[in-house]
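K.L.:
For Gly457, Gln458, Thr459, Gly460, Ser461, Gly462, Lys463, Thr464, the entry in Swiss-Prot reads ATP binding site, with the evidence type sequence analysis. The coiled coil annotation in Swiss-Prot covers 704-733. What Swiss-Prot records for 844-855 is compositional bias 'Basic and acidic residues'. The compositional bias 'Low complexity' annotation in Swiss-Prot covers 864-873. What Swiss-Prot lists as compositional bias 'Polar residues' is 928-954. Feature annotation from Swiss-Prot assigns domain 'Calponin-homology (CH)' to 33-155; the stated evidence is sequence analysis. Taken from Swiss-Prot, the feature region 'Disordered' applies to 844-876, 912-954.
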Amino acid sequence: MMAAAVEEEEMVERMHGWARDMDVASRRAEEEAMRRYDAASWLRSTVGVVCARDLPDEPSEEEFRLGLRNGIVLCNALNKIQPGAIPKVVQAQSDAAGPTDGSALCAYQYFENLRNFLVVVEDLRLPTFEVSDLEKGGKGVRVVDCVLALKSFSESNKTGRQASCKYGGLSKPLTARKYFILKNTDAFMNKIMKGHSAEAIQSEFSEGQSIVTDFSIESNEMTTSDSLSILLRKVLLDKKPEEVPLIVESILSKVIQEYEHRIAIQNKMDEEEQNLLNITEQVNHVVVNGDGEVKQFQLEAQTNFDVQQKQIQELKGALSFVKSGMEQLRLQYSEEFAKLGKHFYTLSNAASSYHKVLEENRKLYNQIQDLKGNIRVYCRVRPFLPGHRSLSSSVADTEERTITIITPTKYGKDGCKSFSFNRVFGPASTQEEVFSDMQPLIRSVLDGFNVCIFAYGQTGSGKTFTMSGPKVLTEESLGVNYRALNDLFNIKAQRKGTIDYEISVQMIEIYNEQVRDLLQDGGNRRLEIRNTPQKGLAVPDASIVPVTSTADVVELMNQGQKNRAVGSTAINDRSSRSHSCLSVHVQGKYLTSGAMLRGCMHLVDLAGSERVDKSEVVGDRLKEAQYINKSLSALGDVIASLAQKNSHVPYRNSKLTQLLQDSLGGQAKTLMFVHVSPELDAVGETISTLKFAERVASVELGAAKANKEGSEVRELKEQIATLKAALAKKEGEPENIQSTQSSPDMYRIKRGNAIPAFPKNRQPMEEVGNLEVRNNATPMQKKASFQFSGVLSENNSSDLAENCNGIQKTDRMAVGNNQFENGNSILELEPGATQLPTFFYQRYDPDKQRRRAEPVETDDSDSFDAATSSPSDQEMLLSTSGLKADGIASRGAFIIKKPQTKNTKITATKIPNLAMKSPMSEKRLQTPIRNSKQLPFSTTGGRRTRNGKINTPK
């Protein structure tokens, strides 16, 4: 009986040990979880939820390890406790990467953070851990201990006293250990006492619980089997004998169940052991068989190694051979490269020489153009507009001086037509390229030449863009106007020590055949174009503003552009509805010699020709288009007449041709920009424009001449003007004598006959630089037959004669053998001689002129006052063919006819001559006789009638 009880007691003790092991493991896992939760909670509260977003509030061991393995949370927590402990914390590369994918930081980055953290923790003498503890399979308990020690250290720093737990884990009070013991006891007792009466079990368990509750901390160190034995003895000691079998039976049933369970486990373990033995036998068999295979593999490997070793030796030999061959090739190529370098050097020198020769040829070509006086024509192709790019272009090819147009069959058989000009700019050309090619022409204005640049083409072809630029200006998009003026002011600054320049600007427009001033806001006052411009001013009534810098000119141009007539059509949303002209007047004075020079530059932006069916204009826009096309048609007629060298040039058909008369027919350097559009639907207008440009390029104007005059000539002209004013005042005439700065339509008398001075008969180049009174005379419009009907009288007042005594000898007029020789004036004033001539000219008879075979005639024959020209700055040309001889006064005074307009009576004005002390006063003019039809001047003062008879005045 007692032996059975002992066996049962031993069985119970074994069962209790097994249960105790399970409970201890469970308790330990729960304790570790609580410590881990505490550490995670403290880290989240210390560094913040955002920084510790990868660390849950109650993490598992794997989540805790992944949340701390990059070291960011640990380093930030340590910096919170010890500011600046870790100066640099390597942050994650991407916040978007999850913490569990293993790609947030590279191994080096989180190893750097962890190493810095462990160094600081070790310096603080706190528990540390290894970096491998944060890897999978590491000891996470040491990490938790380190975090909790850091927490205790932080709390001690805050409170100023040492914490209850010295840098360890959670502090466990005594009640906690009692709690776990009671819990384990309850589990065991519930297991072994099931099935007994509730009252007995409860009473006995209460006694056992009271005993266990009184245990001290030292009694908890006792083994569990001893305590259970004592407990069972106490329970069975007081029981009745009849109750013991029931209790023992219950315990035995439980033991039997446990035994059967263990037997099942043992059987399973035996099966696994048998399987393990089988596997071991198989492994041994494989090992035994594998020894032969290994030996065979080693033999094959050795053989392969020997073969590869041999191949390596062969490769080393081949490499040595290749190296020697490469060295030879290197030397050979070095020699070849040296030869190529010399050859390229020769080619580069040849190319440089070629470019120099090409530049010299261009300069020579420009000089030839200057000598011939051809109008230079530059062609520019507009690029496609944004959003309107066509699939194909009408421009087939562009070269330096040639443009080829794809034409329909009606324009050519081969489908292409080429045009040649002085320069051709493609669609990709810039404003800088366009201006650089014409820059020498611009600079000649400061040398005293007149220059005219005008843009021609259909509407929307880019004329305003070339001349002015786009609506929003940039440094790269500035047009010809701005760049030309900027260049003028730069040269002015460079020559300020030699020449003193004064620059002034005019800006006008021709709108519906009306000349308007663009520099006056709201100024619709109609201006007139003078056929004999004074001081280079074709429109003297327009505002002329002095300028000193490019900024002043830009401001004036902006004001003019605002006042210019601009409208929108179906072809162009910013179409110019008028012709604009920017005139830049330059007057310079040499600081050393005092000589004067004068130049003028006209920058003309023509309105584009347009077809009404395409532009879809109505009303005022239609009227504007009609005026524009009419003026451009008149320009075409003028160009055609000049190209064919016709005797009649219709300048007066339009205000535009009147304005350009001095540039097209005078002594000026002229450049025309012709613009074409690349669209296929505009090929008709393109070909028409290019044909017109070809006609313009064929016009020869003769060599241009600089407007220069010496200081002595200028002083003499001023004296003559003063004397003329005094004479006019004395005779009671209106003081309308003006400074002689331009040459009217006069005739130069040569030996034997009279030759009209036409614009194309310019002075030779050797006379260009002479400092004499040469001005841009307005071309003569019609050849007038003038009658020289008076000479200076000899009975003038003595006071005027005294005013003329200081005039030096400036001109000479030799009379005899039908010859006039002209220097700077008609008459030669010797010392002591006094002459005050005033010439008047009679308008010729058109009918009679057509009956006679005369030289070239022009269209502009407006009368002008002879007082506006002086004998000191003009070359007088007299045509004696068909002259009407006026009677000469008996006392030697000539009667000279003034020019008359239509339906105006011809009046004669007698001008007395001053007393002449020189032999000049004794001479009489002899009229040169060209042919038998000419009649000599009558010395009796009579005049010839229509039938050839001479009426003598009574």
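Here the Cβ of each residue, glycine as well, is placed from N, Cα and C on the backbone.
Can you tell me where each of these features sits in this structure?
P.N.:
Counting every protein chain shown, 26 other Cβ atoms lie within 10 Å of the Cβ of Lys463 (ATP binding site). Classification of Lys463 (ATP binding site) by DSSP places it within a helix.
Confidence for the domain 'Calponin-homology (CH)' (33-155), expressed as mean pLDDT, is 81.
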K.L.:
Can you see whether DSSP assigns Gly457 (ATP binding site) to helix, strand or coil?
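P.N.:
SS state of Gly457 (ATP binding site) = strand.
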K.L.:
Near the Cβ of Gly460 (ATP binding site), how many other Cβ atoms are there if near means within 10 Å?
P.N.:
25
K.L.:
Can you tell which of Gly457, Gly462 has the least company, meaning the fewest other C-beta atoms within 10 angstroms of its C-beta, among these binding-site residues?
P.N.:
Gly462
K.L.:
Between Thr459, Ser461, which of the binding-site residues has the fewest other CB atoms within 10 angstroms in the structure shown?
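P.N.:
Relative to the other binding-site residues in Thr459, Ser461, Thr459 has the fewest Cβ atoms within 10 Å.
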K.L.:
Residue counts in helix (H, G, I), strand (E, B) and coil for the domain 'Calponin-homology (CH)' (33-155), per DSSP?
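P.N.:
Taking each residue of the domain 'Calponin-homology (CH)' (33-155) in turn, the totals are 70 helix, 0 strand, 53 coil.
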